[in-house]
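Database features (TrEMBL):
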TRANSMEM  A:6-34  transmembrane segment
DOMAIN    A:8-421  domain 'TRAP C4-dicarboxylate transport system permease DctM subunit'
TRANSMEM  A:41-71  transmembrane segment
TRANSMEM  A:91-121  transmembrane segment
TRANSMEM  A:133-152  transmembrane segment
TRANSMEM  A:172-193  transmembrane segment
TRANSMEM  A:221-239  transmembrane segment
TRANSMEM  A:245-264  transmembrane segment
TRANSMEM  A:276-299  transmembrane segment
TRANSMEM  A:319-348  transmembrane segment
TRANSMEM  A:360-379  transmembrane segment
TRANSMEM  A:399-426  transmembrane segment
Amino acid sequence: MIEPLIALGTLLGLIALGAPVFLALGGAGLLGLYMARGEMALFLAPTSVFGQLNSFEMIALPLFILMGFLLSETPVGRDIFHVASVWLNRIRGGLAISSVGACTLFGAVSGVSIAGVASVGKLAVPEMMKRGYSANLAAGSVATAGAIAMLIPPSVPFIVYSAMSGVSVSSLFIGGLIPGLAIAFALSFYIYLRCRLRPDEAPSVEQTVDWRARLLSLGRIWHVVFLVVLVVGTIYSGLATPTEASSFGVIGAAAIAGVVYRVLTLEKLIEIVWNSLRVSATILLIIGCAKIFGDYLNLIRIPQMLASTATSVALPPELVMLLVMLVLIALGTVIDGFSLIVVTTPFLLPIVTTLGYDPLWFGIVLVMNLEIAVVTPPVGLNLYTLKGVVPELSMEQVIASALPFVAIQFLVLLVFVLFPGLSLWLPGLL
Amino acid sequence: ASTYTGVTYMPPSYTALMWGIDGFNKRLNEGMGDAGKAEFYDSATLLKADEQIAGLRSRSIDYMFHTSTYISRSFKAVGLLGLPSLVGELYENGDRISRGTPLFNLMRDHLRQDNIEMLSLGGGVIEPQYVWSAKEPITSLEQLRGRKVRVVGYEASTALESIGVVPVRIPSSETYLALQRGTVDAAVANISTVIARNLQEQLKYVYKLPITAYTIGLYMRADRYQNLDPVAREAFDNATAWYDANSADQVNNVLYKRDHWPKIDEAGIETVEPDQAAREQFTEISKEVWEWWKDQAGREFGEKAIALARGESA
Amino acid sequence: MAVIRIAVIRIIDVCAWGLRFLGAAALVFMALSVFYDTMMRYLFLAPTSWSLEINSILVAAIAFIPAAHVLRERQQLRIGLIQDQLTGIPARVVATLIGLCGMAFCVVLTWRGGMIAYDAWLYGERMSTVLGTPKVLPYSLIPIGFGALGLAFLANTLEVLAGVERREDGAPL
Ligand code: NA
Ligand code: NA
């Protein structure tokens with residue numbers, strides 16, 4: 001059993017040295033294939049990379065990314081935040097809760113976490129600090145809530161997990177809704193309590209707003225509502241399949257950016273397409289190369305081995321899952337979200353299913369782990385994104401601000417781990 | 001001992017179709033004893049359906065089971081096994097493509113020219129793919145006209161198009177939702193696909209027109225097969241003989257009748273047999289596709305193969 | 001020597017940029033054609049025969065084709081915790097090691113992928129669809145993409161060996 005350890009060591013060694021993640025996965029997989037079956041097995045690498053990606057369902061990944069990038073060029077994030085703040089102005093800490101709400105709503109039109117952080121954070125954090133909110137409250141609420149976009153459909157991480165596990169994207173999208181909203185509520189409730197206990201973190205009364213102004217403000221977010229209705233509506237009415245609906249999201253987002261906000265110059269458009277292509281290509285190449293490593297694991301029957309180990313270990317399944325969560329959170333501090341899915345799923349899924357858990361449920365709690373991974377240092381994409389759009393904050397400040405929110409996310413995660421039914425009942429209805 | 005790597009993209013949820021494959025692998029391993037070991041990978045864990053041929057050719061695998069509809073434009077001889085309407089005759093007369101028959105040998109020799117050894121076609125075609133409709137009845141050629149029907153493959157698409165169907169290409173994984181939401185009106189599918197994807201929950205009618213069909217064939221590289229060491233060769237041959245005698249027969253006459261069709265009845269799906277006129281009309285329409293296939297596979301070979309498939313002496 | 005090195009790197013970068021451009025075109029085409037196909041099906045009962053097949057292939061194209069340029073821009077996802085702390089000789093050793101691994105990996109994929117594309121051409125293999133795309137076309141994306149990616153690793157390594165410490169934008173090598 002020395003060979004699998006060499007392959008695993010190569011994978012982790014290359015990742016630790018700073019090699020591109022696709023190279024670590026592909027290189028370790030290639031080495032493993034060669035050790036297991038000799039030269040001929042090397043032919044599996046090109047067919048597997050190609051076969052893994054040559055899939056119509058996968059087009060949703062670049063298209064939902066493109067949709068998010070198109071929208072983050074518009075002031076949609078600002079507008080959503082304004083509306084939320086008008087509705088919540090009577091509550092102490094209302095603006096921070098508003099930014100959670102804005103990130104959640106933005107999540108309904110974006111598949112990745114950074115688009116929401118950038119779009120909402122750019123305006124909301126400076127605005128809160130100007131009105132006397134503590135920097136910790138302002139930054140922490142946006143950095144963590146931005147990640148909710150990965151649970152609220154559409155979600156790129158769910159598409160990646162679907163490619164790794166075979167669980168249907170539609171079920172995952174529906175299954176992510178409840179946990180996504182649960183985290184949003186938990187974060188809001190935490191902000192509310194925190195502002196009550198430490199009133200110096202948020203100013204008490206803000207300007208009064210009458211109901212007419214509140215209702216009128218809704219006119220500023222009709223675009224987002226329109227886009228959500230467009231994407232969901234095309235699926236529900238049978239016009240398009242869930243995959244095809246992603247193209248409606250792109251066209252709708254382009255119309256909002258180009259016609260409604262008029263921010264789409266040719267230069268801007270090229271920049272958006274290039275950024276979307278870069279992010280998509282990066283993720284897709286990792287998914288493809290992960291299949292080489294996955295081939296190696298399959299070839300030597302690692303999934304079956306892990307499954308039989310899982311049955312022979314005499315621990316309660318709940319305890320095993322808690323350990324799995326702790327490992328994921330530990331890995332999530334140093335590994336970015338997408339790599340976390342592709343590196344761990346081949347090992348964890350056989351264990352999870354052997355213990356009698358639903359692969360759909362595991363996908364959901366895995367993405368809940370991603371929510372934590374993107375805001376934990378040292379590798380936390382949301383932290384760096386927020387720092388990027390709010391330069392006046394120091395990196396240390398951003399990191400410190402996120403930590404208490406991470407604790408809340410962890411509590412919510414625990415609840416969903418211990419009670420799988422909470423996330424499974426909604427997909428089960430459909 | 002040598003390792004022989006085999007694959008299929010089919011997952012265990014295709015219970016009926018996997019019965020013969022599992023039986024083959026078991027016999028292959030028993031036959032080889034200590035002289036060799038067959039390692040088999042289902043569910044596309046090693047190679048996706050589209051990449052199985054590339055894997056076989058490049059020798060990253062040694063043998064594969066594949067559905068003929070998937071490979072008909074690469075292994076042109078097996079295109080015969082999916083020709084519209086003709087598949088109805090092949091289904092009724094399964095023994096026409098058993099090992100050792102003139103038709104089997106003709107196709108085997110044709111594939112050998114491309115260095116492919118066709119060991120078995122499972123002893124017959126699997127029950128044809130019919131038209132399964134979701135909301136409104138599509139149970140005649142007239143009712144098919146102008147309908148959006150999910151269909152895969154050149155042969156079936158072309159025949160349906162010439163009777164006025166709108167052929168729709170959507171991924172297999174989205175077929176359930178597409179039928180439920182009315183994105184398509186119907187789907188051309190084998191009953192195994194219906195059951196594996198629970199499509200019966202959304203379906204109301206099945207029109208048993210033999211649109212297309214497939215075999216679950218067993219293939220190797222011809223040179224690989226010729227150079228097998230004697231023990232492995234014998235084990236392959238014995239397991240193949242068992243597979244050829246039992247696979248399609250068990251699927252069509254036992255598993256489908258005992259396990260699959262009752263589920264269709266339970267779901268309340270109405271079964272409609274096409275009348276003689278419809279069958280004949282569809283056969284006439286399909287002949288255009290037969291001609292196209294003859295051009296693809298070679299005129300002389302094509303004429304002969306179709307004659308044999310129809311029970312005429314070539 | 002420096003002149004040759006700079007010229008080689010320049011040529012690689014131009015190729016990578018060209019491929020990136022093709023990738024961007026593929027992404028735009030994907031969004032538009034899927035929308036077009038869906039609308040044609042819904043409104044006119046006239047879906048295309050090619051959208052599913054072409055766009056599936058384009059997903060692979062989007063992954064392979066821009067990869068070299070993304071690597072040259074140091075934008076491939078990586079965990080830089082350790083590497084970014086290194087300076088001087090250790091930094092160069094690690095960067096060179098990664099470059100060599102990258103080149104070796106890409107050589108295997110280009111070579112084996114090329115042989116698979118060649119086989120598909122030799123035996124005239126096609127997708128079993130109405131469009132019947134000759135399989136040599138999609139399979140050629142493998143040697144093209146990984147060939148360019150291997151050259152991008154070469155360019156990175158040449159820069160490291162020449163002692164270029166930082167890129168113009170300040171990113172580590
Ligand atoms: Na989302
Ligand atoms: Na992290």
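Cβ atoms here come from the backbone N, Cα and C positions, even for glycine.
When averaged over the domain 'TRAP C4-dicarboxylate transport system permease DctM subunit' (A:8-421), pLDDT in the model lands at 90. Note: the stretches the transmembrane segment (A:6-34) and the transmembrane segment (A:319-348) are in contact (3+ CB pairs below 8 A, sequence gap of 6 or more). Same-chain neighbours of the transmembrane segment (A:276-299): 7, 11, 21-23, 25-26, 28-30, 32-33, 36-37, 41, 44-45, 48-53, 58, 61-62, 65-66, 69, 112, 156, 160, 163-164, 338-339, 342-343, 346-347, counting only residues six or more beyond its ends whose CB sits under 8 Å from a CB of the stretch. In summary, the transmembrane segment (A:172-193) does not lie against the transmembrane segment (A:245-264): fewer than three C-beta pairs, each 6 or more positions apart in sequence, are under 8 Å. Put simply, of A:41-71, A:91-121, A:221-239, A:319-348, the stretch with the most CB pairs closer than 8 A to the transmembrane segment (A:245-264) is A:41-71. Here the transmembrane segment (A:41-71) has Cβ contacts under 8 Å with residues 26, 29-30, 33-34, 77, 106, 109-112, 115-116, 119, 149, 154-156, 159-160, 162-163, 169, 227, 242-243, 246-247, 249-250, 252-254, 256-257, 264, 272-273, 275-277, 279-280, 283-284, 287-292, 294-295, 299 of the same chain, all six or more residues outside its ends. Among A:91-121, A:319-348, A:399-426, A:91-121 has the largest number of CB pairs under 8 A with the transmembrane segment (A:221-239).
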